[in-house]
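Everything below concerns the one structure shown next.
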Amino acid sequence: MRKMLIAGNWKMHMTAGETEQFFREFMASLRQPPFREALGRSRLEVALFPPFTSLYVAAFALEEAPRGFSLGAQTVHWETHGAFTGEISPAMVEESGCRYCLVGHSERRHLFGETDEMTNLKVRALLATSLRPVLCVGETLAERERGETFTVVRRQLLKGLESVPAHRLGQDVVVAYEPVWAIGTGKTASDDDAQEVCHFLRSVVGDQLGAEGAESLRVLYGGSVKAENSAGLMARPDIDGALVGGASLKSDSFLAILRESLSALA
């Protein structure tokens, strides 16, 4: 059975000091025996994606967390080293204590011009290390209104996974469906719509890379996820977790999502 992953993407928020404060509150709740025991018994995995400047603070704090908690980076360069001012290599991310790395997030695609080809280079570079890529796909509102959702996410998925062996999918790759029109807007795809696209993504992987890879692949939903809608989303058969944005910036709202996710797994 696939593990559920709740991932918190902090984007360009949270200084090192704010990160320290977040974890003081967060870890105090995790130390409560009923919650800690429920997490330990579950198949829930949790990952947080702070800014690069806060990774070491977060890594130190998570040393006291229950099993199943890890860190991720928000982006990476595909080269191992070189004259790439401002960039971070996979080895640097790996050494900072990360297990995951986002690739292909819509803000990287639309604000910084990252292409499907660049996303694929990042996926392959991460898989050359111990890091696990979280490949983000999703359509804009205009694409959705033109009926292009499935065409867009299929292209992003297959381009992003090009040259990735099928046996790496379930163990080492996560896919996140984030409709661009739902990110930070307060709008959320309905449970049915999110399930439909996540099921489609799984079926595309099955058609192209085989049933075994499709069945073991974890597919997350992202886009204005909060405690009020998380349990319904997590209960869907092809949704294996959430990529959470704003609601992951406060320990109480993120903990509420974790509690709802645990109830969906019960």
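Even glycines carry a Cβ here, placed using N, Cα and C.
Because TrEMBL annotations are produced automatically, they should be read as predictions rather than curated entries.
Sequence annotations record features per position, and here TrEMBL assigns active site, electrophile to His105. Cβ contacts within 10 Å of His105 (active site, electrophile), excluding its own Cβ and spanning all protein chains shown: 28. Under DSSP, His105 (active site, electrophile) is assigned to coil, being neither helix nor strand in the three-state scheme.
Positions annotated as active site, proton acceptor by TrEMBL: Glu178. Classification of Glu178 (active site, proton acceptor) by DSSP places it in coil, neither helical nor stranded. Counting every protein chain shown, the number of other Cβ atoms lying within 10 Å of the Cβ of Glu178 (active site, proton acceptor) is 27.
Under DSSP, Gly184 (substrate binding site) is assigned to coil, being neither helix nor strand in the three-state scheme. Taking Cβ-Cβ distances under 8 Å and a sequence gap of 6 or more within the same chain, the neighbours of Gly184 (substrate binding site) are Ser224, Gly245, Gly246. Per TrEMBL, the feature substrate binding site maps to Asn9, Trp10, Lys11, Gly184, Ser224, Gly245, Gly246.
Spatially close to Trp10 (substrate binding site) yet at least six residues away along the chain are Leu48, Phe49, Pro50, Pro51, Ser54, Gln74, Ser248, Leu249, judged by Cβ distances under 8 angstroms. Across the structure, His105 (active site, electrophile) and Asn9 (substrate binding site) are spaced 10 Å apart at their Cα atoms. The maximum pairwise C-alpha distance among Asn9, Trp10, Lys11, Gly184, Ser224, Gly245, Gly246, the residues recorded as binding substrate, is 14 Å.
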